[in-house]
């Protein structure tokens, strides 16, 4: 539970909560570690950090990523073909020095298999040692999370839960009572992947969460500064972008430069959204150039 | 419900798991659908609300062709000098046991008010059964099937389309069952509000392993009654092939309490514990070898119970073919229906506790089993079932005097594969392949 985590800033329960609250509106970025190599990932993470990412998710690739769409699935395949291992992943994290705290996003089997016997603790211990601030596990619902949550509590790591458009009523309360760091609000049903618009489900989900005093960040389909603006306007504390960044990794001639620029665009969009919430419309900044 | 309530947790665990196996490891978006399914399972399947089970049994009788016979295999009995009985699931409508589950789940989806059916398929038997059930009950249906399997099981692809289902080939990975399941889960995560995912085996998150088992348990229930009627007693052993494990669990479930171990006592069955167990043999696909190729991440077999390790795949904690780091391996079997890196969690539990004995035979033994049954008994079995028959040939001395073998399906769908694979080998039980006009 967040209560057990020592406050990193003196103000908030965790590094992650501080990163989102103090940099409001926050930009959270995702990259698959090892795509196309761990060395490249290091350069790309540093570029995102320079570009204004406030929190960085690093995917530890698993061969059966059932929550991912085609873009991240392809990135995971490239990372596995490049020979990315959990130990290589942790060594990358050991080396990274970013302003933004780092989280690992991976599937439950990868966590269980780290170490000699199926057990979550060796992974969490190594994650804490490497300096990671939290863990997100897309195939671990609250019902199955007790062992991992206890291990995370013991090591001061946040365990971030996903709130889906289908999460309502008692389930929502159960999850929100266990959230630490932030609530990952899934913008729409389905898998990850860049989309051309912001789903109405996003607004409905954020409205359902309005009464809970935890940071809320929206992901699944966010790809442009305008989306970021709209999501922050709808009362989110942060936006999460993954597939749009993977597209840059996969197709750009200079991914590091383009990732930095994309992070700047997204962060500007988020700030614009926050200003729309708080100031008169005449102060709204110019629209983003495509 | 609160997961921090230990009382509630224990209660939920005993419902959702078999020992340490099972559970619900799925994306959050799917959890409400699993809860809804759990509720529907309890009401309709366990409590027969609105006469659900009565309707299911009636449709399985009139549309599905149940009960299937338990036939004495005269020439096999002579060959092995013991009584061999075959449970003829190949005679179920569609040619395999798969209809028991597909019809049950499509009907359940209808009772739940769902509007669309999706399913994955390996050999195509589950896809065919689901397409048939969906046509029978007037539900739109889409099937995901790995590209490799689409190519090696074309007759079933045609049959699915004939029944009005849309077949979506999956190009990822090795293009087999594992990839098809991933893709179907992705579809379900997008459409969960109006769609039911008809999982094809006793795998996946709770309540699927129990739901599918209960629909398939009719196999063992009939076989148990039939063998008592025909032979006057329970068998010494029951043999079934195991991929995901649906025909295995379906055949075994009623026999599990037939043992002295109190852990498996079933109070509701009213049976007394026995001193001598009905031995249960799950025959897995040994492929070309039981050794794994760690460097390539390949298992040249699908012998998950025999060689796998504990982990989480497709929603459940179970035994898996995986690397030390937790990556799931590509599996192999000459039989597309067994070609899967996981297995049902209840089978993992029964194997772990010693109630079920996991064994395996290789591709060649299965092909010989195929030819032998075809020649000796006039029954062309599925390549899946041929593994069970291959094991009887290899181990008949250990099976006792009275043996029940489940023939889970018929082999029409496998003829192309069998001819091709037979041509590569010198098989004692095979006819001359040259006599077949391959053009």
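Heads up, the Cβ atoms here are built off N, Cα and C, so glycines get one too.
Quick look at what TrEMBL annotates:
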- B:1-15: compositional bias 'Basic and acidic residues' (COMPBIAS)
- B:64-409: domain 'Tryptophan synthase beta chain-like PALP' (DOMAIN)
- B:98: N6-(pyridoxal phosphate)lysine (MOD_RES)
- B:1-21: region 'Disordered' (REGION)
Practice problem: Please state whether DSSP places residue B:98 (N6-(pyridoxal phosphate)lysine) in a helix, a strand or coil. | Solution: helix
Quiz item: So for the residue listed as 'N6-(pyridoxal phosphate)lysine', how many other CB atoms are inside 10 Å of its CB?
Solution: 30
Quiz item: Mean pLDDT over the domain 'Tryptophan synthase beta chain-like PALP' (B:64-409): what is the value?
Solution: 95
